[in-house]
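A.B. asks: Below you will find the structure I want to go over with you.
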Amino acid sequence: ARPKSDCEKHRESTEKTGTIMKLIPKCKENSDYEELQCYEDSKFCVCYDKKGHAASPISTKVKECGCYLKQKERKDSGRESAIIPQCEEDGKWAKKQLWEFNKSCWCVDEKGEQVGKIHHDCDSLKCE
């Protein structure tokens, strides 16, 4: 048998604890952490990256993780000029994205892909 992954070890140790509200990690077949992790008997969820680090706030509103994971990846890159995605509380991409570094903005679709052109008058940009 192959050695247990960090996710599987984390899952086993959590299952043994007697905490009232606990998050028992869900692991993918490839041993990475599932992106959306939810607490037992509760509506609270959180996004994890594949190594098991939180990528979003713990919230009853978090439903998807694509934006939060991209946001964490960019923040962790340490690049000052990195474009940090803006996410809605539920984890969806905010329709209007802003790049502070050069004060530009644009609209995105539900996958975070740019729609239309880049603008510099961000107050007047309306994204539907």
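Keep in mind that glycine also has a Cβ here, set from the backbone N, Cα and C atoms.
According to Swiss-Prot, the record shows the following:
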- 4-67: domain 'Thyroglobulin type-1 1' (DOMAIN)
- C7-C27: disulfide bond (DISULFID)
- C38-C45: disulfide bond (DISULFID)
- C47-C67: disulfide bond (DISULFID)
- 72-127: domain 'Thyroglobulin type-1 2' (DOMAIN)
- C107-C127: disulfide bond (DISULFID)
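Give me the lay of the land around each of these features.
C.D. replies: On the 0 to 100 pLDDT scale, the domain 'Thyroglobulin type-1 1' (4-67) averages 93 in this prediction.
Classification of C7 (disulfide bond) by DSSP places it within a helix.
Cβ environment of C38 (disulfide bond): L23, F44, C45, V46 lie under 8 Å away, each six or more residues apart in the same chain. The secondary structure of C38 (disulfide bond), as reduced to three states from DSSP, is extended strand.
Annotation note: C67 (disulfide bond) sits in a helical segment as assigned by DSSP. Of all Cβ atoms in the shown protein chains, 25 besides its own fall within 10 Å of the Cβ of C67 (disulfide bond).
C107 (disulfide bond) counts 20 other C-beta atoms within 10 Å of its own C-beta, drawing on all protein chains shown.
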A.B. asks: Which is it, of C45, C47: the one of these disulfide-bonded residues whose Cβ has the most other Cβ atoms within 10 Å?
C.D. replies: C47
A.B. asks: Tell me, how many other CB atoms lie within 10 A of the CB of C7 (disulfide bond), whichever protein chain they belong to?
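C.D. replies: Excluding its own Cβ, the number within 10 Å is 21.
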A.B. asks: Do any residues at least six apart in sequence from C127 (disulfide bond), in the same chain, have a Cβ closer than 8 Å to its Cβ, and if so which, in order?
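C.D. replies: The list for C127 (disulfide bond) reads K95, K96, C107, V108, V115, given in order along the sequence.
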A.B. asks: Work out how many Å separate C67 (disulfide bond) and C27 (disulfide bond) at their Cα atoms, rounded off.
C.D. replies: 20
A.B. asks: Rounded to the nearest Å, what's the C-alpha distance separating C47 (disulfide bond) and C7 (disulfide bond)? Just drop the number here, would you?
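C.D. replies: Rounded to a whole number, the Cα-Cα distance is 14 Å.
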